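> One structure is given below, represented as structure tokens, and several questions about it will come after.
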């Protein structure tokens, strides 16, 4: 029981749009009916029926160009998998916000930010191009 591996030094069959005529036929070992059809192929092609021509094509090629160009539904799997992982990530983030992170510091409150901004304006921080340059100290409001 010796397993014989395929010899990869020989040309292999492949269906590709950019390589339309592979070096070898799709069917390597012909049956008796296929051998008879190959003999009939050597005669005039007008004597062959449409089914025989299709069978000869299928011996040489696995897929036609129309079958190779047919759209696959693989995009649905990709989008579904991406959405699944986005959902898992959203659940993890929600769990972390609820159970891992503490409350926000007081410096994030709107009142605190307003007091800090007022303090910076009173100190005239960065009066040339910064915050203080945009405040009108005479009218006590932001410049327009």
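Using the three backbone atoms N, Cα and C, a Cβ is placed for every residue, glycine included.
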> Which stretch, out of 74-99, 100-125, is listed as transmembrane segment by Swiss-Prot?
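Result: 74-99 is the stretch Swiss-Prot calls transmembrane segment.
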> Sort the modified residues 4, 28, 31, 33, 35 by C-alpha distance from residue 42 (N6-acetyllysine) and give me just the closest.
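Of the modified residues 4, 28, 31, 33, 35, 35 has its Cα closest to that of residue 42 (N6-acetyllysine).
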